[in-house]
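> Would you mind keeping the following structure in view while I ask a few things?
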Amino acid sequence: MAFAKLSAFVLALGATVALGESPTHRCLNKRVTCATGQTTANEACCALFPILDDIQTNLFDGAQCGEEVHESLRLTFHDAIAFSPALTNAGQFGGGGADGSMIIFSDTEPNFHANLGIDEIVEAQKPFIARHNISAADFIQFAGAIGVSNCAGAPRLNFFLGRPDATQIPPDGLVPEPFDDVTKILSRMGDAGFSTVEVVWLLASHTIAAADHVDPSIPGTPFDSTPSTFDSQFFLETMLQGTAFPGTPGNQGEVESPLAGEMRLQSDFLLARDSRSACEWQSMVNNMPKIQNRFTQVMKKLSLLGHNQADLIDCSDVIPVPKTLTKAATFPAGKSQADVEIVCNAAATPFPALASDPGPVTAVPPVPPS
């Protein structure tokens with residue numbers, strides 16, 4: 001396990017506990033001061049702080065919420081979701097969940113169709129794993145949690161240390177595709193242990209996301225108008241009537257979007273309008289406390305696929321605290337309530353009253369490369 005790999009390094013670290021506390025108080029509030037000066041609840045987590053600094057400086061361009069953050073978050077999902085208890089119960093290998101297989105078997109798994117383009121972040125992360133004594137399985141989830149923390153408005157995600165690396169390649173076909181219908185997506189996600197509402201919660205990740213390969217003529221095309229902030233614009237803008245493609249038409253898994261420069265995945269469009277998921281989708285619009293809470297819950301669940309939490313070490317306090325975001329959701333300039341395609345009319349989840357941004361019609365710029 002990664003904990004075993006790190007243990008020798010951890011034992012070499014200086015650690016102190018505050019003196020003058022009662023035994024009971026110390027048991028409840030024990031903090032360890034690492035050799036690097038930071039404090040944490042568990043000595044084993046001290047080894048993560050140098051890795052954190054390296055990631056922020058050399059992978060995320062000085063703690064930015066940019067392309068490499070988007071891709072690292074995508075990798076957390078693609079690595080973990082290749083997990084099928086149904087296959088396991090049928091006597092086949094169903095994948096190891098969050099086991100680093102995408103990096104361990106980087107000559108094979110990134111070539112699966114659903115993983116198109118993920119080889120770039122895989123290759124970017126490999127040198128960090130090579131120079132730090134951490135498993136690929138842990139690094140993928142650690143980098144994803146750190147990356148999310150760079151985005152204003154995001155929740156502080158959990159991180160658990162100690163995942164062993166994969167020993168087998170998961171079967172192809174376990175990662176949902178943007179051209180899959182809702183029934184297929186919900187079935188696949190259900191096999192992995194996620195309910196319909198949890199699928200919607202996971203898609204909060206698309207508020208800080210962009211596509212390079214759905215339409216290769218326009219790399220870096222974001223899924224909402226604010227790809228560097230973790231907000232509810234994605235859920236709002238996916239409910240707006242599509243009017244045009246940001247690049248070329250006819251790409252598999254893409255439908256018309258409401259804004260120039262914004263991409264809309266077919267799967268997002270369908271989930272926002274399907275009777276099984278539309279009300280939960282609508283409930284996320286302008287509801288940041290809910291988005292933050294639910295995304296934290298579901299990302300924890302994703303990161304533990306294939307593992308028992310009791311076997312891992314909680315190092316969540318190593319993850320930086322994201323900046324807060326106070327701006328409410330608004331219609332992009334040129335859009336209003338008249339552009340919303342409402343499917344859910346449940347009294348419990350009414351569509352909120354929102355203002356429209358002033359100025360000319362919104363055009364969304366691409367996410368610049370790292």
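Yeah, the Cβs are placed from backbone N, Cα and C, and that goes for glycine too.
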> From Asp191, Asp212, Asp215, grab the residue that Swiss-Prot records in the same Mn(2+) site as Glu67, Glu71.
Asp212
> Disulfide-wise, see what Swiss-Prot says Cys45 is paired with, picking from Cys279, Cys315.
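Answer per Swiss-Prot: Cys315.
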> With reference to Swiss-Prot, specify which of the listed residues Cys27, Cys46 is paired with Cys34 by a disulfide.
Cys46
> With Cys65 as one half of a disulfide in Swiss-Prot, pick the other half from Cys27, Cys151.
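Candidates were Cys27, Cys151; Swiss-Prot matches Cys65 with Cys151.
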> Do you know which of Thr183, Thr196, Thr207 Swiss-Prot groups with Asp224, Thr226, Thr229, Asp231 in the Ca(2+) 2 site?
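Swiss-Prot names Thr207 for this Ca(2+) 2 site.
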> Counting across all protein chains shown, how many other Cβ atoms sit within 10 Å of the Cβ of Glu71 (Mn(2+) binding site)?
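Cβ-Cβ neighbours of Glu71 (Mn(2+) binding site) within 10 Å number 24.
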> Can you tell me which of the recorded positions Asp79, Ser101, Trp201 is spatially closest to Asp212 (Mn(2+) binding site)? Compare CA atoms only.
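Going through Asp79, Ser101, Trp201 one by one, the closest to Asp212 (Mn(2+) binding site) is Asp79.
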> Out of Arg74, His206, His213, which of the recorded positions is least crowded by other Cβ atoms within 10 Å?
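Comparing Cβ neighbours within 10 Å for the recorded positions Arg74, His206, His213, His213 has the fewest.
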> I want to check the contact list for Thr226 (Ca(2+) 2 binding site): same chain, sequence separation of six or more, C-beta distance under 8 angstroms. What comes out?
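The list for Thr226 (Ca(2+) 2 binding site) reads Thr207, Gln233, given in order along the sequence.
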> Which residue, of the binding-site residues Ser101, Thr207, Thr229, has its CB surrounded by the fewest other CB atoms within 10 A?
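Sparsest of the binding-site residues Ser101, Thr207, Thr229 by Cβ contacts within 10 Å: Thr229.
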> Once Asp79, Gly97, Asp99, Ser101 are set aside, which residues in the chain still have Cβ within 8 Å of the Cβ centroid of the Ca(2+) 1 site?
Ala80, Ala82, Phe83, Gly95, Gly96, Ala98, Gly100, Met102, Ala137, Ile140, Ala166, Pro170, Leu305, Gly306
